[in-house]
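Enquirer: Please read through the structure below; I'll follow up with questions.
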Amino acid sequence: MNEDTTTLVEETNTTTQAALRQLSQTTPLVNAITNDVTVNQVANIILHWGGLPVMSDDVRELDEMVNAAEACLLNMGTVSETGEEAMMTAGQAASEHDAGLVLDPVGAGATATRSRVAERLSTTLDVDVINGNRGEVAALVGEDAEVRGVESVGEHPDAAETAIACAQHTEAVVVSSGVTDIVATAETAFELNVGDEMLGTLVGTGCMLGGTIAAFCGGLDDPLTAALTGTVAFGLAGEAAANGEFGEYAGPASYETTVLDAAAGTDPEMIAAVDIDNRVNRVLAEAK
């Protein structure tokens, strides 16, 4: 692990604080092609982290829109032929205009079509960060993945090794979400113990994490730093919401609103008060 990566892990708290300050100073424009189910949540989470969301998926304007953006999110939740081509167009524009590119391969492994589209997007485009659940990440490297609909089921004991293999295959930083989150490069992986089980009661938290990472990619130069600090910030917002720090909630529906409030209210001072550094650990793993 090189010196820069060691510093990033050992100083996660201060790095996350710095990332939030950078977002507030830059207000990155993020073009998100996301699914019909979660478009509102994704737009709001981008806004609450300090970004400016725009949800264009029209191929007639995507090059122009992405040219103006600092980051682009491609979410496969409601994949279609026209949607696939829109994502290809947006992804190519992101590379041409040096915008951060985040791919959420929703449902990869569930059907042959989704697996094919995910493989095309992840290997043809110059993706900076891939954000998926355990099953989706496994599917991208050809492993048997238990994905039912768009949800990952079953056990994934080799999640870190699989994430590293995915990073090598796609040349992207990989975020593999689960009970704990894995952030991987082609050389190593890190386990993040952040978040709350209440996040699992909502449809769309993975999409919201993707929107978070896209916002951080828009405000930061380094994809690994953006993936790590974005995942930490989203997890801590989920914890703060579950702990009642942003108001009481009666169940999943009101908890979702509280998560958005927590994202809007998460600032460097709040991060400074949380012991994060011992909850981010390097996983000693080699690709399979």
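Each Cβ is built from the backbone N, Cα and C atoms, and glycine gets one as well.
Annotation comment: Swiss-Prot describes M55, G204 as substrate binding site. Residues annotated as ATP binding site in Swiss-Prot: N131, S177.
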Enquirer: Quick one: Cα separation, N131 (ATP binding site) versus G204 (substrate binding site), in Å?
Expert: 13
Enquirer: Which site among N131, S177 has the most other CB atoms no more than 10 Å from its CB, taking these as binding-site residues?
Expert: N131
Enquirer: Please report how many Å separate the Cα atom of M55 (substrate binding site) from that of S177 (ATP binding site), as a whole number.
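Expert: About 24 Å separate the Cα atoms of these two residues.
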Enquirer: Note down the number of other Cβ atoms within 10 Å of the Cβ of M55 (substrate binding site), including every protein chain shown.
Expert: 16
Enquirer: How many Å lie between the Cα of G204 (substrate binding site) and the Cα of S177 (ATP binding site)?
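Expert: Computed Cα spacing between G204 (substrate binding site) and S177 (ATP binding site) is 13 Å.
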